[in-house]
Each structure stands twice: as C-alpha cells, then as structure tokens.
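Trainee: To start, I am sharing the structure in question, which I have written as structure tokens.
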Amino acid sequence: MTGYPDVAAFDLDYTIWPCYCDTHLHGPFKPVKSSNGEVLTIICRDGYELTIYKDIPRILGDLKDNGVKLMTASRTWAPEIAQEILKIFKVKYAGVVTPLANLFDEFQWGERSKIGHLRDGLKDLYNTSDLKSKKICLFDDESRNKEVEKYGVKFVYVRDPENGPSWKLYQDYLSGKV
C-alpha cells in the first residue's frame with residue numbers, strides 16, 4: 001500500500017478544472033453559488049462556464065484530513081487568473097465553506113518544469129529542495145511530466161479530460177495500484 005504522501009501537488013488545467021485558464025477564461029468572473037454556499041461553477045465575461053471536477057473537493061479534503069500538504073504546480077502564463085478563480089471557487093471542508101485556495105499550502109507557477117515547481121515548493125514548505133526527502137505525488141494530465149519519477153516523485157496520470165481525477169484514481173493511487 002502506498003498510503004498518504006507528505007505533499008500532494010496538483011497541476012490546475014485539466015486536473016482541477018476542464019480548461020486552460022490562461023486561454024479559455026477572461027475576467028471578471030461570476031460565481032454560481034449552490035444552496036449550501038459552495039461555488040463549484042464560475043462564469044467568465046464571455047459566458048464560458050467552468051466547473052471544477054466533481055471529485056476534487058472530496059480528494060483535497062481527504063488529503064487535508066490526513067495531514068498532507070497541498071501544492072499547486074502550474075505552467076500557466078496567467079497565474080493571476082488561476083489565483084483569482086482559486087479564491088472564487090468555494091468548497092465545503094471540515095463543515096465550513098471555504099475558498100478552494102485555502103486548502104492549498106503552497107502555490108507554484110510559471111513556464112518551467114514540474115521538477116522546478118516541486119523543488120521550490122518543497123523549499124518553501126520544508127526548507128529543503130531534495131525531492132527524495134519527502135513522499136511526494138503529482139497529479140497531472142500531461143504524460144511528459146512523468147519525468148518527476150526520476151526524482152522519487154510518484155506521478156499520477158489524470159487521463160480523463162472530461163471528468164478529471166476520479167475518486168477511484170485517487171484510491172488506486174493510495175493503494176499503490178497506479
């Protein structure tokens with residue numbers, strides 16, 4: 001059994017939500033609030049509706065409940081859009097509706113390798129950039145990022161652009177099946 005990592009890193013585009021935030025979205029953004037106060041869908045000024053993948057709140061919540069540090073690792077060239085929508089999306093965690101951004105402990109952006117994102121994030125979280133010093137996983141939709149495995153990071157390939165990371169994929173990761 002793989003079990004829980006120390007750090008779980010998530011790409012954003014096609015891993016948290018089904019679009020490229022730096023090309024599909026233009027602010028301002030209108031939140032669509034559900035009856036329980038969550039905001040799982042936003043609408044951009046062009047009318048494009050964006051809903052986070054349905055299992056993301058459950059996956060992130062389970063990781064947080066088990067003491068895992070959460071990190072974004074995104075190559076987006078428009079981090080200000082990603083940051084804004086992470087603050088607008090709201091999910092229920094520990095009985096409270098909170099911005100999705102609040103679930104993350106570290107944010108890494110920029111057009112560079114995921115290895116760079118992970119090293120810098122680890123440096124900020126633990127004052128070390130040695131990727132083998134912690135148990136780390138990366139959820140990502142781009143197979144090229146499997147290169148992180150050369151550095152001891154478990155790569156969890158999110159193959160389904162319509163549904164994103166499913167609870168089953170997540171459970172398969174935890175049990176060592178992927």
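Glycine is treated like the rest: Cβ placed from N, Cα and C.
Annotated Mg(2+) binding site per Swiss-Prot: Asp11, Asp13, Asp141, in sequence order. Annotation comment: Swiss-Prot describes Asp11 as active site, nucleophile, evidence class similarity to another entry. The phosphate binding site annotation in Swiss-Prot covers Leu12, Asp13, Ser74, Arg75 and is backed by similarity to another entry. What Swiss-Prot lists as active site, proton donor is Asp13, and the listing cites similarity to another entry. The substrate binding site annotation in Swiss-Prot covers Arg75 and rests on similarity to another entry.
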Trainee: Provide, as an integer number of angstrom, the distance between the C-alpha atoms of Ser74 (phosphate binding site) and Asp11 (Mg(2+) binding site).
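Mentor: If we compare the Cα positions of Ser74 (phosphate binding site) and Asp11 (Mg(2+) binding site), the gap is 5 Å.
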Trainee: Rounded to a whole number, what is the top Cα to Cα distance in Å among the residues the record ties to phosphate, namely Leu12, Asp13, Ser74, Arg75?
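Mentor: If we measure all Cα pairs in Leu12, Asp13, Ser74, Arg75, the largest is 9 Å.
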Trainee: Cα distance, Leu12 (phosphate binding site) to Asp141 (Mg(2+) binding site), nearest Å?
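Mentor: Cα of Asp141 (Mg(2+) binding site) to Cα of Leu12 (phosphate binding site) measures 9 Å after rounding.
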Trainee: With the Mg(2+) site defined by Asp11, Asp13, Asp141, which remaining residues of that chain have Cβ atoms positioned within 8 Å of the Cβ centroid?
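Mentor: Near the Mg(2+) site, beyond Asp11, Asp13, Asp141, sit Leu12, Tyr14, Thr15, Ile16, Ser74, Asp140, Glu142, Val158.
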Trainee: Restricting to the chain of Leu12 (phosphate binding site) and a gap of 6 or more, list residues whose Cβ falls under 8 Å of its Cβ, or answer none.
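Mentor: Expected: Cys21, Thr72, Ser74, Thr76, Ala82, Leu86.
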Trainee: According to DSSP, collapsed to three classes, what secondary structure does Asp11 (Mg(2+) binding site) have?
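Mentor: SS state of Asp11 (Mg(2+) binding site) = coil.
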Trainee: With the phosphate site defined by Leu12, Asp13, Ser74, Arg75, which remaining residues of that chain have Cβ atoms positioned within 8 Å of the Cβ centroid?
Mentor: Asp11, Thr15, Tyr20, Cys21, Asp22, Thr72, Ala73, Thr76, Ala82, Trp109
Trainee: If you draw a 10 Å sphere on the Cβ of Asp141 (Mg(2+) binding site), how many other Cβ atoms land inside?
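Mentor: So the Cβ neighbour count for Asp141 (Mg(2+) binding site) comes to 19.
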Trainee: Within the chain of Asp11 (Mg(2+) binding site), which residues six or more apart in sequence place their C-beta under 8 angstroms from its C-beta?
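Mentor: Expected: Thr72, Ala73, Ser74, Arg75, Lys114, Leu138, Phe139, Asp140, Asp141, Glu142, Asn145, Val158.
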